[in-house]
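Trainee: Have a look at the structure that comes next, please.
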């Protein structure tokens, strides 16, 4: 089945078995192997990508359902792989084996926007918003990305530091 | 995953037109694709309803109409839901992960299948997956299973958080039949007990499509959703409670309580609410409510803890909400 | 030129302290981090090829004789190229360092979940569906699947009987006599086991997700029947291992066989549900612990007897009592192991086999003794530190438990603690603190590495893997330090059996073993440079690409010709292992909140204080400790692989049912390193740090739960139901 979407700003049109998930389309058909398959069932978050700016588990979505969508993977987060967030992950050792890292980065990118838009979380004291990106808020919001090496301290430090230093984000959150 | 035909109609009537035996509607797909990968479900046609414009939340009388494909994220973030139906927002936010909530939809969440590990395991018998084959959970390992509403054919738990809150809110499910006729079913009547046909989970007929959920006028009062689970986030409930309470003159004037983690469907017992209504809140009263709630519970091996846990949760939640 | 070193003697010359570059022990980025954040690190399943075929493993649904009646129908399905039912396919992953094929065969399933076929097709989707369509008929055999259903084996060599423990118990002022259990657990590395195999008619090239390539190559060669020299294994990036990738795995052997049959590249990625079954799990344990103490809490007797399980023919048994042999002094000792041969999936090494569960249970027992004797738990440990190995009488190479305990207690603020349980409450939450000591044996295994120095910089080569441990980072630092080069002029190339055989990653020995080989290779190069400068190696200063001796000064560029200088390092364990008892030590502290309503436990903070010799890179070492401590949270509170009582199959074999700690479960973690240089550990005085962090971590949490609410949970994990059941009414 012919499917067209944009990935990291470039248009693609591919003929796919409807069974192909968005994750497998990215990895095996577009050779974008940054997104990882950890469980293939939405139970780990390693496959997290952004679709129209929102994070989803690419493993639990059929590629044909994304006709016309704009998809961003880890490869599209920056030109050189050294965005402030990516650099902060290296600096804070927010990875060990690195397998969950692309999903963590995509997820964190979406969390910035969710906070800026005033989305509440399970740990928010009230439902009124707006919300500051505290450690507790971040930990809850990033809990869909499992890291078995358990780099959560480094991951959180990297995300919090990036949030603090990114003025645009801070303004949006206020 | 079996090969299937994929269709993406532009209109509701187109969706109905595509519906036939062996076809299944798909919206978010977070549970359906999961099950199709394991061939627990194997539809031969998928009808994509994600682009039918069912993704809006609009006023409906004094309440709201929530389209079937409104995502869990959008529903939880909606200011009207947060302000007037906080128990629903809280239940949604307690479920799954940020990624899953962005895909999972309102209609799909109502229809999500049990997480019984034997249902997921095609190497074992399961009356829900394969009617008449038997139940491997009975005599096996039970922890996330039901203690209320079970039968000798099935002990599978309904896993939804959202549906528990909706049960407490007295929502109505709006359905469009294959012939285009619309009907509304109270959520209380929507889920069937397993009995001897645990594969038949709802009152939906073949070809029926959930088009939305109707929230009644805001209840006001205090509302809460509390979920107990094995880890802090991203896990199904061991036990959960959705509660709405209004007090008048230090008495409980109106209360709704629905429970997750204990029933084969989101569980609500009118006898519990009858007992509480009009009474002065006391620990003894709440403990009696627990007795009523659990009077018909069947505590199979491995599930005994649910009795203790749900009673403690009930008492603590009501204590907090009536203070 | 090769520098061979057998570690027979201590190395009191602390050469690392006198080197000039100043990058060793520095807090440096891991160089591979940049590839990982860009998504360009190449794991086992990333390789693309136009003619790549996809394999999907098929599992046995029951135990017994297996047949596949519709195999011809499946072969005829769309896209299917082969249904492999090859007797060379392996039953389960090989044990670590096996160096030969594990049990093989597809005609008889020894456990539910055993791979019995590989379906190969042109696309992943076709292979998966065809694998699901393959009917696996099993003539069921009745096999025991519960550890207590069989008479266990009692390996004599693993037991110790000293003095008279029964008598010590009867005469003691205070005793503890309790049974602790831990469930089956799994490594659950984020990258599923995966392999991509190429066969060119002579050589098999396999990209795998593996930890110990020199062994894995031999295991793979032996499995498929090739000479190892015709097998090349690559694993430059590995998405976590934690023991589950020590030995060759089913996907690798099946992919290799399929590639050889079909003469096309074949990729096999284990489905996550296979990962739970096909690779080795950590055995469940039942541990009977007895402690006898005098009025001051000094141990007079100590008993630790454990029951574990494994499949027939598996040599490994979880060495539960490994740490108890040397942790505490006590003259009357009974330690022993029992192994039940049952038909659950194979058991093998999972992060810190032995001490992870053994120390954890033992440290809960020590807390019970502290409570009984009215002695502060930190003081109880301090009072029982042995002066020498309590069983062999050998001296310790270095023993820094006291420092770890004291530093940890100070940093944590232990002195502010309420000694009695149920003293602090915030709303419905009981607050409490707990601690535990950490112990882990330390070892070096044979390893080789090569460095090639050119005018542009140096390349470090070894088949050593980096499974997240930081090998790339620390090998770069070691080479840079010895050769006097900035870090950006070192290129570490790892994970390819064409390079010299390193130790592989496992048992916390990677950094010290292969790291020492890198050190020796660097030393070898220093000697050659010193020769060119006319001095001895010790007189040579290398810094920022310049060599200095007395008033002679030359840049490396000038000293080097077009020919690179190479150095080869080779380290072997020697008599040191016989002469001294060597271990790493630490202390864990935890603060928890326990809901009086639901029994939920929330870990509010954890602190670990660790002594592991010279810390080569504090940042990567800290990350390793974070990992271990978080695994302690999982062990204490969330992780349990449940086996069906009827056929032993793993019931909750996915990441929704098996609860790894998520971000919200993990509080701020504080890590401190105790200063230590262990001269017996080799020329760098460095020991392993990858596993120490898990040993006893869970106990500090369980002890904090007790201190908070009075619930003593002896069956792990302490899920809400178990805490509620143990809560005093």
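Just so it is clear, glycine is given a Cβ too, placed from its N, Cα and C backbone atoms.
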Trainee: Scan C:138-163, C:164-189, C:190-215 against TrEMBL and say which stretch is down as region 'Disordered'.
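Mentor: Matching range for region 'Disordered': C:138-163.
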Trainee: By a Cβ-Cβ criterion of under 8 Å, what residues six or more beyond either terminus of the compositional bias 'Basic and acidic residues' (C:1-17) are in contact with it?
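Mentor: Tertiary neighbours of the compositional bias 'Basic and acidic residues' (C:1-17) are 24-25, 397, 444, 481, 516, 520-521, 523-524, 527-528, 566-577, 579, 614, 677, 679-685.
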Trainee: So what's near the compositional bias 'Basic and acidic residues' (C:151-163) in sequence-distant terms, Cβ-Cβ under 8 Å and 6+ beyond its ends?
Mentor: 301, 307, 317, 319, 321, 325, 331-341, 391
Trainee: Could you tell me how many residues in the compositional bias 'Basic and acidic residues' (C:151-163) are helical, how many are strand and how many are coil under DSSP?
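Mentor: Reading the DSSP string over the compositional bias 'Basic and acidic residues' (C:151-163) gives 3 helix, 4 strand, 6 coil.
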Trainee: Within the compositional bias 'Basic and acidic residues' (C:1-17), count helix residues (DSSP H, G, I), strand residues (E, B) and coil residues, in that order.
Mentor: 3 helix, 6 strand, 8 coil
Trainee: Run through the domain 'Aldehyde oxidase/xanthine dehydrogenase a/b hammerhead' (C:38-142) and tell me, per DSSP, how many residues are helix, strand and coil.
Mentor: 16 helix, 31 strand, 58 coil
